[in-house]
Amino acid sequence: MGDVTRKPIIAGNWKMNLNHYEANLLIQKLAASLTGEQLEAVETVVLPPFTDLRTVQTAIEGDKLAIAYGAQDISKHASGAYTGEIAGSMLAKLGCTYVAIGHSERREYHDETDELVNAKIKAAFTAGLTPIFCVGEGLSIREASGHVAHCTAQVDAGLDGLKEDQIKQIVIAYEPVWAIGTGKTATPEDAQEVCGAIRARLAEKYGSDVAEAVRIQYGGSVKAANIASIMAKPDVDGALVGGAALDAEEFASIVRFKEHVAR
Ligand SMILES: O=C(CO)COP(=O)(O)O
C-alpha cells in the first residue's frame, strides 16, 4: 500500500427524477444541511438529469457551495447530427466536473456495450470531464460466483487505451445490479471483495501508484444507516447513491458518514 490519501467521494445519482424547480430546492436544502467543514471533508457530488444542470450550476455557483456536479451520460461523439445526444463539451461549458458512464441501467435498457462505455470515457476526458465509470454484476453472475471476474473484465474493457494519468483521475463505481433500488445492500465484505479486486487489477496492469490513486465507490441501496460500515472498508472510497440522494436530509447524513458509528 502506498501513502496516497484518497478523499472520500459521495455522489448522488438522481436518475430520471426531479425537474429543475425541484432540483433547485434540493440543492438549497443540501446547502442548509451541510457545513462548509463537512463539505470540505468529503467530496460531494450531484448528478441531476441534463435539464436540471443549468439550474444546479446557478444554485451552486451563486452560493459558492463546495458541491460538484455532473451528468448521468455523455455522447461518444464530439458534435454533429446525433439527435437527442449531449456532447461532453456542452457539459463542460455548464461547469460539470463529472459524468457517470456505463451505469447498469444504461447498459441494460440502452444496450450499452463495454466498447461504447470505453468510447464515452475517452469522450469525457477529451472534454475535460472526470468519468464515474460504473461496473457491476447481475444476480445470476453473483450466484455463479463470477462477480469478481465479471467486474474486473468490465474495468479492463472500459479503460482500454487510456493513459495512466487519465486512469489515476477516474472514479470507478462498483454497483452490483441486484443491490440497485432493491433495498438489498451488499454487505461491507461483499463491497470490499470487489473494490479490492478492482484495485488489485489496476495495480497489476498499471502499477501500484495508479491503483492507489483511483477512487472506488460502492453503489446499491446505500443509506445513512449503512454508509459508515461500507466506508470503513479499506478499498471503498465513496458511494454512488440513488434513491437516498433524492432526500436532502438523508443524503446530507450519508455525506456526514464520519460522524456515524459503523455497525
Ligand atoms: O444505481 C444506483 C446509483 O447509481 C444505486 O441506486 P439505489 O441507491 O437507489 O439502490
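Residue numbers in this text run from 1 along the chain shown.
Placement of Cβ uses the backbone N, Cα and C atoms for every residue, glycine included.
Substrate binding, as stated in TrEMBL, involves Asn13, Trp14, Lys15, Ser221, Gly242, Gly243; the candidate among Gly62, Gly70, Gly161, Gly181 given for that site is Gly181.
Filtering Trp14, Gly181, Ser221, Gly243 by Cβ distance to ligand 1 (under 6 A) retains the following binding-site residues: Gly181, Ser221, Gly243.
Listed in chain order, the extra residues whose Cβ falls within 8 Å of the Cβ center of the substrate site residues Asn13, Trp14, Lys15, Gly181, Ser221, Gly242, Gly243 are Ile180, Val241, Ala244, Ala245, Leu246. Of all the binding-site residues listed (Gly181, Gly242, Gly243), Gly181 has the fewest other CB atoms within 10 A of its CB. Rounded to a whole value, the Cα-Cα separation of Ser221 (substrate binding site) and Glu175 (active site, proton acceptor) is 9 Å.
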